[in-house]
């Protein structure tokens, strides 16, 4: 718990952190509360088929995950974090207000679609769709402004304190930040979704508007006490400088590292000579003429012509982890199946008791984070408290899984989870046909929605291994100076996963449907073959595992440069004393 009373300083401190945490938590509560049931809103109020609605939400999700990258770049390079978060709050609030108005103004959506009817035959007009896209676009831009800077801006409030007590406060802030964010997602997937299904779209979309207003108000109320660092050069500019300098010097002949060739490096840096891998980039740090290339203080006269060895090696380190990063994209694709899972859950018996029924939205993959909290926490506790102590006792020495082992296990279990989901869907579809309701897309079968829990259980375990493993891998393998890059790589993967998911659905919808038969991803889930679609994702997942094995072997041993745990697939459990602390 945060207990240090940093209230004597006129700027920053703990009192500022509470407002920042509240801003982020309320924003997530509002945005996830809207996105969870959005597929139902698109199909029932805009007359879209399931595949079209899913593609829109895939693109919306991709934009929401990619915008923080743009927001971080603009904040670090041009505008600063405080203005970026403020802009994000206003954009998100405006987008949610406009989206809420579509539930009030009849002409903003297809008028003949009833509130909870799937029998909508009319198509939305172009102005209606453009207005909808504009609302979703504003919400994506707003999320990019808030989420890109919120965590870093909170750290800025304590960044000038160097004592161990203040370091502990910073660590506590990170912990509370993630706890409140996760709790917000959980509440939005349960309470907000329940309000939407019980009280309708007007109230259901109005609640997130109020929450986003409170989020914006929370942020701006504390403006006088924030520490507001100015913008500075971004790591993205440094990477661009290396690429441009390498291209400009492409005609330079690189000699062996055994020669006396001069390389530009930072003062006090341990890296004075570039590595041999990706040697083309080494041209960026070669000093051709010291008198022309260097200023009297030792800095480069033109940073777009001469870069430091550190800059070159940082870009090389990033390029080296890209293949491993790419293997996580298909794992995230499985998490992106919220729209189809919502349709699947809506046709299953969701009653826990005779009077209480779980909303379909609470079973969507968007609420995966809620199930993830339970599943991942259980697996992590089991791993730390049971498996590792038992393995250490058996081997007689401290042992644990390596990073690349965790990632590989996560990929494999993710593929298996989709196979389980395919089996569940096949059984559900057969029951719907046997009960004679295959022509009624919104009819509920007698199959309990609780059969979906094994899928979430496996997917949560996959994320506990792959997601956590990837994040730790990025932090340990990239230099400390690239921590901001490491923190954004996973979000970039989520954005790429949404695009890949949209591409897969588009191809399945257009090319894999048989002649004169329903598409695999038909709006009528009982006539489609969602089980075939899930088997396709499972097959891609197992192929991705083979690809990962090749990438892992090509990568070589982990460096563990930031006190991480290393290991390779096939190494089994490894000794804690075998870690190599060398940093590229």
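Quick reminder: no glycine exception, Cβ is built from N, Cα and C everywhere.
A TrEMBL annotation is a machine prediction, not a hand-curated record.
Look at TrEMBL and you will find 54-75 (among others) tagged as transmembrane segment.
Annotation source TrEMBL lists transmembrane segment at 87-110 (among others).
Look at TrEMBL and you will find 130-155 (among others) tagged as transmembrane segment. Same-chain residues lying 6 or more positions outside the transmembrane segment (130-155) and placing a CB less than 8 Å from one of its CB atoms are 16-17, 20-21, 23-24, 27, 31, 34, 46, 56, 60, 63-64, 66-72, 75, 81-82, 84-96, 98-99, 102, 108, 124, 170, 173-174, 177, 226, 484, 487.
What TrEMBL records for 176-195 (among others) is transmembrane segment.
Annotation source TrEMBL lists transmembrane segment at 207-227 (among others).
If you look up TrEMBL, you'll see 358-382 (among others) marked as transmembrane segment.
The transmembrane segment annotation in TrEMBL covers 407-424 (among others).
Annotated transmembrane segment per TrEMBL: 489-512 (among others), in sequence order.
Residues or ranges marked as transmembrane segment in TrEMBL: 532-550 (among others).
At the 8 Å Cβ cutoff, the transmembrane segment (407-424) and the transmembrane segment (87-110) share fewer than 3 close pairs (sequence separation 6 or more) and do not count as touching.
If you count C-beta pairs under 8 angstroms between the transmembrane segment (87-110) and each of 54-75, 207-227, 532-550, the highest count goes to 207-227. Counting Cβ pairs under 8 Å to the transmembrane segment (54-75), the stretch among 207-227, 489-512, 532-550 with the most such contacts is 489-512.
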